[in-house]
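Shown next, in structure tokens, is the structure this report addresses.
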Amino acid sequence: MGCRQSSEEKEAARRSRRIDRHLRSESQRQRREIKLLLLGTSNSGKSTIVKQMKIIHSGGFNLEACKEYKPLIIYNAIDSLTRIIRALAALRIDFHNPDRAYDAVQLFALTGPAESKGEITPELLGVMRRLWADPGAQACFSRSSEYHLEDNAAYYLNDLERIAAADYIPTVEDILRSRDMTTGIVENKFTFKELTFKMVDVGGQRSERKKWIHCFEGVTAIIFCVELSGYDLKLYEDNQTSRMAESLRLFDSICNNNWFINTSLILFLNKKDLLAEKIRRIPLTICFPEYKGQNTYEEAAVYIQRQFEDLNRNKETKEIYSHFTCATDTSNIQFVFDAVTDVIIQNNLKYIGLC
């Protein structure tokens, strides 16, 4: 009896040691795993950041992966032009050449088959080139803040010959500029500085935000993306609400949420290149009537940054780490993410009492 009990005790002790080792190993693994949550409104550049992580830390896009983006890029180009043509009537803009009205009819007749096949036929290419070159269409494009048009429109429409070629294979820049609405939750894992990162991208549309709560558990850091150039634009969802106002409200709710008291908060003030171009034409007062500064990139960017940082109601205990970014610029994102990682590591060490 005593011998049997001793044997059972030894086995229990062995099991206990195995469990302890497993728990220590799991604890160390969790310390080495960084869960990054990408948040922000639609069109703020979150999905482009995910693509950049794949390029910088996961080997990029091989030939087959590049080919898979061709139908999306074709769709983006066609969709951009059809949006411009539809907006002509609403903005009361006429074609410079009346013959383009027939091309517009042809555009809508030919786009369905082209989108389903993922290719632009020579006939459709001719139609698209003539429409895009028309001064009336260009005037409509210059007023794109009055309707919904993606940032990549001019990039693709200025290069129709290349993307319509039968042997077209998307470049990395083509892929970075492609736009596909994120629905659901997209996870991307990669290793950097001996840490495993799990980056979680959640759709930014209002209808998608109810899913965010499912991602909050165990978050190490939040990267909140802001569309700097969206200060004169309205939401897709209601065509009434300012995109910048929506972004500020959303950031306020995240920054001051009790879930994230010990979570590093990083602010990506994105699309700085588009802000620099737009601010010369459209004043910041269209969004911030109280703004008294010059309509220069430097002053406007700092003013917008301050609007977000001032929402932090816990400045003594919570710091916001702000960076101006261009999500389509790989070198910029690589530099910024390196700095972000150092901040996350330092804050993690403080949190577990090792720093």
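Just so it is clear, glycine is given a Cβ too, placed from its N, Cα and C backbone atoms.
Ranges compared are 226-233, 266-273, 274-281, and Swiss-Prot records region 'G4 motif' for 266-273. Of all ranges given (57-65, 93-101, 138-146, 174-182), Swiss-Prot attaches the label region 'G2 motif' to 174-182. Spatial neighbours are here defined as Cα atoms within 10 angstroms of one another, and by that definition the neighbours of Ser47 (Mg(2+) binding site) among the binding-site residues Leu176, Asp180, Val202, Asn270 are Leu176, Asp180, Val202. Take the CB of Ser47 (Mg(2+) binding site) and look out to 10 A: across all protein chains shown you find 22 other CB atoms. Fewest other C-beta atoms within 10 Å: among the binding-site residues Ser44, Asn270, that description fits Ser44. DSSP assigns Ser44 (GTP binding site) to coil, not to a helix or a strand.
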